[in-house]
Amino acid sequence: MGLYPLIWLSLAACTAWGYPSSPPVVNTVKGKVLGKYVNLEGFTQPVAVFLGVPFAKPPLGSLRFAPPQPAEPWSFVKNTTSYPPMCSQDAVGGQVLSELFTNRKENIPLQFSEDCLYLNIYTPADLTKNSRLPVMVWIHGGGLVVGGASTYDGLALSAHENVVVVTIQYRLGIWGFFSTGDEHSRGNWGHLDQVAALRWVQDNIANFGGNPGSVTIFGESAGGFSVSVLVLSPLAKNLFHRAISESGVSLTAALITTDVKPIAGLVATLSGCKTTTSAVMVHCLRQKTEDELLETSLKLNLFKLDLLGNPKESYPFLPTVIDGVVLPKAPEEILAEKSFSTVPYIVGINKQEFGWIIPTLMGYPLAEGKLDQKTANSLLWKSYPTLKISENMIPVVAEKYLGGTDDLTKKKDLFQDLMADVVFGVPSVIVSRSHRDAGASTYMYEFEYRPSFVSAMRPKAVIGDHGDEIFSVFGSPFLKDGASEEETNLSKMVMKFWANFARNGNPNGGGLPHWPEYDQKEGYLKIGASTQAAQRLKDKEVSFWAELRAKESAQRPSHREHVEL
């Protein structure tokens, strides 16, 4: 056959279908990793995918309730082609959230483990060249208690926008946020994991075709909250250059606390540990198996509305703590002092954040579609752990939101608006204003669209529910079947906005509706079937809540309780 035909054959093998002839192998600081090439329909250049790349040592044994340590080096080529286990969590809750939020066609089989500090990488770069593509690091949501990286497939965003997408995991629940409020277990382990993942990106992403000098962190819900915490944290300074918080910011009262003792005591007691001292609790909890801690976790009834107990003694979240390390002070103090990373920042909310998914998961009794004033008042008080509204202010709040109508269906809708404003809308505007006032480029959006991929159980009237923008951000119409042209175009536009922002710190670009910067005029973008600029998002609501919180503070005895908004 001669030599030349053989060379031509091997070249043909390289270039047919755009696949290189052998799977990608990349050097990391700790050792080589083997990935796989995946093609997206309509693209000749495949995306190299690496799944389950370790960014820290497994946080087991004495490393439980301890800062993450660097991974041990390896001398072989590590196979990183299968999904890593998600961090320990309630398997049912994790499964439900993953199925509701995934942009994939098929649900991936879920596994859970305390050994979970892994990330996934999607890179469209030609790995033989020294590409320096923008990097987008995704932090998943799930109330800091459930969720995982692999629910979100970065393939479409990576291929369409020529960016490196990294999805990271971090410890959750007891494992991620158990705190005694002192040196024995400071807490915020999950946030320290996020910082460790960003450090790993700085040290390694160049070999995957990414630019460590252009890293955007983005996340949704507790992921958006985490992004907002990292913007405020001195530990994350210079580890990223732009940030996007979708439906969650550092002033989300439910997810942050100064008062950790009662939660620590509850976790210890439910685990059969003595609570005599912090050291005793931590030592005992470190001896528990993963399954035993999971049992404790299930008893905590995390992310559930407690309709029976005293709202002031109900702890449906294992929150971030003001620990003096990740957060030197309370977020509102850091914001007021303007002592944070003034990177370009996109902050957004969805039109109906409390539309269906959150009330359903938390067990709010709203299914019959009606709500009277008395029940609304009771639900608001039962929601104290989430809203932090003092009991004597509840009638004022209920009257303001629900008082204008006798229609019980309308009252239910207004109650959902109230919940959305307190948890998402008002904190998002306050954070955006603080960011703007510190001199950082800031952009706001409100997302209003009903994806075709959502659960059939969801009422038709819910448009722009919590999490709905994820389908657009991660290009679901290019991975799942059945999207209309309108939905496909919406996803193209949103991916373009997000990636332009990752590239330039500004979402605007050719062929896109103009997105005004959030300045003193408070222009923002309404994103949906028709996308257009508007002004002063939640302006009246922010004023109402600011007045209410001021009254609350004035009435409170001198013992200061941590208050948001």
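Placed from the backbone N, Cα and C atoms, the Cβ positions cover glycine too.
From LYS36, LYS237, LYS382, the position flagged in Swiss-Prot as N6-succinyllysine is LYS382.
Checking Swiss-Prot for motif 'Prevents secretion from ER' across the ranges 86-89, 398-401, 562-565 points to 562-565. Of the listed disulfide-bonded residues CYS87, CYS116, CYS273, CYS284, the Cβ environment within 10 Å is emptiest of other Cβ atoms at CYS284. Residue pair CYS87 (disulfide bond) / SER221 (active site, acyl-ester intermediate) shows a Cα separation of 17 Å. Taking CA atoms as the reference points, SER221 (active site, acyl-ester intermediate) and CYS273 (disulfide bond) are 32 Å apart.
For the recorded site, CYS87 (disulfide bond), the DSSP three-state label reads strand. Look at CYS284 (disulfide bond): DSSP puts it in a helix.
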